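Pulled from TrEMBL, these are the features on record:
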{"type": "ACT_SITE", "residues": "His242", "note": "active site, proton acceptor"}
{"type": "BINDING", "residues": "Arg47, Lys150", "note": "NADP(+) binding site"}
{"type": "BINDING", "residues": "His180, Lys184, Glu218, Asp237, Lys343, Lys348", "note": "substrate binding site"}
{"type": "DOMAIN", "residues": "10-189", "note": "domain 'Glucose-6-phosphate dehydrogenase NAD-binding'"}
{"type": "DOMAIN", "residues": "191-485", "note": "domain 'Glucose-6-phosphate dehydrogenase C-terminal'"}
Amino acid sequence: MRKTENQLLVIFGASGDLTARKLVPALYKLYKDKHLPEHFAVLGVARSFMTDEEFRKRVALESKYLDDSEEFIAAFSEKLFYEDLHKKYDVDYRELNERIQDLNTTYQCDNNIIFYLSTPPSLFEAIAKNLTAKGLNDERLGWKRLIVEKPFGYSLETAKSLNEGLHRYFKESQIYRIDHYLGKETVQNILVTRFANSIFEPLWNRDYIHHVEITNAESGGVESRGGYYDKSGALRDMFQSHLLQLVALIVMEPPLSANPEEIRNEKMKALKSLRLMTDPKVLEKNTIRGQYLASEIEGEKVKGYREEVDVDPDSTTETYAAVKFYVDNWRWADVPFYVRTAKRMPTKVTEVVIHFKSPHHQIFKNSDMNKDNKLIIRIQPDEGILVKFGVKVPGQGFAVERGNLDFYYESLGDESHIMEAYERLLLDAMQGDATLYARADEVEAAWRFTDPILDHWKKGDAKIYGYSAGVWGPQHADELIEGKSMWRNPCENLADDAGYCVIE
Ligand SMILES: NC(=O)C1=CN([C@@H]2O[C@H](COP(=O)(O)OP(=O)(O)OC[C@H]3O[C@@H](n4cnc5c(N)ncnc54)[C@H](OP(=O)(O)O)[C@@H]3O)[C@@H](O)[C@H]2O)C=CC1
Ligand SMILES: O=C1O[C@H](COP(=O)(O)O)[C@@H](O)[C@H](O)[C@H]1O
């Protein structure tokens with residue numbers, strides 16, 4: 001097991017939703033599972049005024065760990081502190097620095113500090129600058145790391161300027177850009193499935209793969225994040241970041257070793273090989289956006305996107321995005337990739353489906369079934385892997401039906417405790433492992449691919465299709481997929497999958 005050195009974690013934006021809902025619960029779980037170092041403290045920082053005690057109560061309440069054993073909660077809470085910034089982030093950090101030094105000495109944190117930026121991104125550079133002014137980026141006495149929350153920019157240009165801004169104060173090796181999908185066990189397992197086995201990789205190319213499909217669906221709407229989402233949309237919120245990271249893991253070549261830089265170099269090459277779409281006709285044909293409309297789901301009325309709190313009533317922000325694209329390299333030439341992401345779908349699910357080609361020569365009459373050889377990587381929920389293949393129907397003749405080979409993580413029993421993404425990522429940063437964090441050039445490559453789609457949509461010529469909340473997106477999205485194939489219906493139970501469904 002890797003060592004976690006003594007350290008102090010300073011969270012900027014500690015009065016916000018992410019701190020209470022994700023960060024503190026992840027820290028609590030790490031504490032309970034004995035992953036935190038012997039000497040450790042957390043300092044929450046924000047503009048709002050709060051005492052240490054008020055901060056502890058607030059995060060405990062919102063983190064919903066109050067139902068846990070009192071002894072644990074009390075011991076964990078003693079590690080939490082709070083410092084307000086007198087209503088502003090861009091101020092002299094003299095008092096903040098004094099508090100940091102005080103906690104560092106009292107709790108023997110060995111001058112090792114992580115600064116977690118969980119504020120609006122517009123403040124990231126100012127925070128880095130003010131920390132630097134107090135020498136808090138200096139690694140002579142102990143390491144200093146900066147974890148940066150998404151979004152990393154709004155476009156290629158803004159991402160570049162954010163990276164340049166952070167690089168003025170912190171080295172790239174000190175910066176950890178969070179993409180919580182990389183923290184998911186099943187996403188990491190893509191690497192293991194591909195590179196720890198000899199049975200998949202020989203087929204992992206254009207000779208055997210017909211197309212690749214990725215679905216990321218959420219049943220929820222924008223909830224309390226309408227203000228943020230309306231400026232973002234599905235393509236920026238999910239596709240540019242999480243889903244292109246998934247694509248990179250599917251597309252990449254085998255790295256020389258599991259070393260962070262080797263893996264990130266290969267992911268970067270993969271992202272660079274995505275074929276840019278710039279011709280409006282190509283963009284029109286290969287991208288689809290939609291927005292959810294008011295509807296009823298299981299008898300309950302659901303608002304349309306434009307009626308959501310903090311959303312412009314005339315908004316053209318997409319809540320559904322589907323993109324078809326190609327990867328221009330030796331391995332993937334001519335293999336279409338279909339990626340869709342949306343809110344207000346029938347269920348919450350993320351899966352990658354590798355569709356294999358049919359055998360070159362059919363000798364069984366109903367061997368159409370063979371067309372459906374598929375490898376399904378279920379990212380969430382029902383985490384697992386399923387292989388679909390043709391089997392003989394018992395009896396005379398050679399009728400073929402579909403069989404399944406399936407693996408579910410839960411079958412691993414107690415061993416299968418899947419660390420929540422933020423738990424895993426925080427622990428990795430505490431141990432200085434950046435493998436599961438996005439590097440500056442990867443983020444920029446992902447924006448380079450996404451920008452022309454966003455520009456095309458912004459021009460307003462591209463249609464935006466409405467879809468009723470609770471269905472699989474606009475019907476028009478079916479036309480994206482070539483030939484007789486359709487989007488897989490991920491609602492079907494993995495093992496009993498009856499096949500494709502026509503999207504409503
Ligand atoms: N919540 C989530 O599920 C996710 C959030 N993120 C990212 O994490 C970061 C934090 O998100 P979240 O906690 O949801 O955001 P919140 O709006 O809930 O909190 C933002 C925090 O930043 C502080 N803040 C400082 N200046 C401003 C300002 N000008 N406007 C608004 N807040 C300000 C707020 O506190 P105070 O006013 O006291 O200073 C608060 O502590 C963002 O970058 C977001 O994109 C990423 C993925 C998911
Ligand atoms: O980053 C984000 O991710 C969530 C979805 O994450 P998941 O782990 O629940 O799949 C999404 O709801 C949110 O809009 C986005 O900002």
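Keep in mind that glycine also has a Cβ here, set from the backbone N, Cα and C atoms.
Residues near Asp237 (substrate binding site) in space but far in sequence (CB under 8 A, at least 6 apart, same chain), listed by position: Pro151, Tyr229. With a CB cut-off of under 6 A applied against ligand 1, the binding-site residues Lys150, Asp237, Lys343 are reduced to Lys150. Within 10 Å of the Cα of the residue listed as 'active site, proton acceptor', the following binding-site residues from the list Arg47, His180, Lys184, Glu218, Lys343, Lys348 place their own Cα: His180. Checked against ligand 2, the binding-site residues Arg47, Lys184, Asp237, Lys343, Lys348 give Asp237 as the ones with a Cβ under 6 Å from it, listed in sequence order. Under the DSSP three-state reduction, Lys150 (NADP(+) binding site) is assigned to coil, being neither helix nor strand. Taking the Cβ of Glu218 (substrate binding site) as reference, residues of its chain lying under 8 Å away and at least six apart in sequence are, in sequence order, Ala342, Lys343, Arg344, Met345, Lys348.
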